[in-house]
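Database features (TrEMBL):
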DOMAIN    353-454  domain 'Sensor histidine kinase NatK-like C-terminal'
TRANSMEM  12-28  transmembrane segment
TRANSMEM  40-59  transmembrane segment
TRANSMEM  65-82  transmembrane segment
TRANSMEM  91-111  transmembrane segment
TRANSMEM  141-162  transmembrane segment
TRANSMEM  174-195  transmembrane segment
TRANSMEM  215-235  transmembrane segment
Amino acid sequence: MSLVEKCWMVTSKISVIALLMITGIYFGKFVCPYIKKKKGAVAVSIVYITIMLVLYMIPPQIDNFSAYLIGVIAAFLAMYVEDRRNIYQKIFLAITFFSIRWLTVAMAGRLDDLVTKALVFRNMSAEKVWLQYGLYVGTRVLDIVLCIAFIAVAIGLINKAYIYKKDEMSVKEMVMLIIPSLVGVTGYGILQYYLMIYERDTGKNLIDTYGFYGALSFLHYLISIVAILVVIVMFQNWKEMQEEQRGQALVLNQISDMKKHIEEVEKLYRDIRSMRHDMGNHIQTLEHLVAHNDMDDAAEYLEHLKNEWDEVSPEIKTGSPVIDVILMEKLREAKERQIRFLSDFHYPQNTKLNAFDLSVIMNNALNNCMENVSGDDPYISISSFRKNSIFMITIKNSFGGQLNFGDSDLPETTKSGREHGMGLNNIRRVARMYMGDISLEQGNEEVILSIMMQVE
């Protein structure tokens, strides 16, 4: 083997290895936004590159399709080991990258073929072997650059289009999203099969014989990538519509809650007015009993009157009838479940704080507490204080578990479906309407939710 032939062989191997490593790096970049920890994306790249290099360097070599399939499966397992949540999304990511890799490399290959024929094969002569080698090196570099460009653009657009990365993906959603990838890679396989069959039967290259075949192949690869992107965009638009529907449902629920609270307040006031209306009769009755020195009956009548007053007079008085009703409902629920309920909440008077907005905070926060309170001595406490324009609300509940905060300052919920993560986000949304925010802390088997708002 001559020196120039050895150089050709070495350059070919180096270009293949370089492309393997680059695609592995971009695999990690592709999955990084979807994985809880960044080191998980690094592990995906390392596993993929290692497997592909081993399969390439160590004989017996297997066919390319099987080799890359093994590499993607290994990378998927690395993703799953690092972060076992949302497995269907990880399957989607693995299949999508598998397809994107084949399609982008094939697109770069079609363009590289044109350049190779124009530069390298036109200089085929014994006197120009080194020139031919130099041109070959240039085409290998061009092929790698094109692959990088196509892969980078494809995964960049996909990650940009995929907005709801943290949402749990269902089986149906996964099937819908992977269909374009499967169609694309299947089409690639069919086109490659026809190339191989034609060359085997005729001894000629199909693209050399029919130049339009290469153009049609390139167009198929491009359309397949666009189809993947379009389906993802449509899927995200659908998710956005779901978010809007959840928001509308939330508003309707809040309006329903407000109506319920208003009805409770009206009932309370009716009972109080009824008591006031009957108070004259009660006083006359007591005067009559005392005048006749019937003290036992007077005491019994007074005790009965006191019980009636206790029934209509709220245990919790915050300064806002609506908030009183909300806290009384939660107090009754807590008593039924044998949960201690402590309230030192006072509604800030003469401020811009709207009772409706505050009811959203109270309902969502106390519902979260009721759902998650635990421990040997379960309790919920709510308190507030105001300093100048700042109004602070602190809500605590006993909790024996462990919150998982992930990459966010709010914990990841175990709920799924329509109510996934809505409670705390609704509280934060209202707090930010008043130039404030929320924080959630855990310690000493207790969860503390702090809400700050500017009310002036």
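Any Cβ shown, glycine's included, is placed from N, Cα and C.
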Local confidence of the prediction over the domain 'Sensor histidine kinase NatK-like C-terminal' (353-454), expressed as mean pLDDT: 83
Contact call for the transmembrane segment (215-235) and the transmembrane segment (12-28): at least 3 Cβ pairs under 8 Å, seq gap 6+: no
DSSP residue counts for the domain 'Sensor histidine kinase NatK-like C-terminal' (353-454), split into helix, strand and coil: 33 helix, 33 strand, 36 coil
Contact ranking winner - 65-82, 91-111, 141-162, 174-195 against the transmembrane segment (12-28), Cβ under 8 Å: 141-162
Within-chain partners of the transmembrane segment (65-82) [C-beta distance under 8 Å, separation at least 6 from its ends]: 27, 31, 35-37, 39-40, 43-44, 46-48, 51-52, 55-56, 90-91, 93-95, 97-98, 101-102, 189
Outside the transmembrane segment (141-162), six or more residues from its ends: residues with CB under 8 Å to it: 15, 18-19, 22-23, 26, 29-30, 33, 96-97, 100-101, 103-105, 107-109, 111-112, 115, 225, 228-229, 232-233, 236
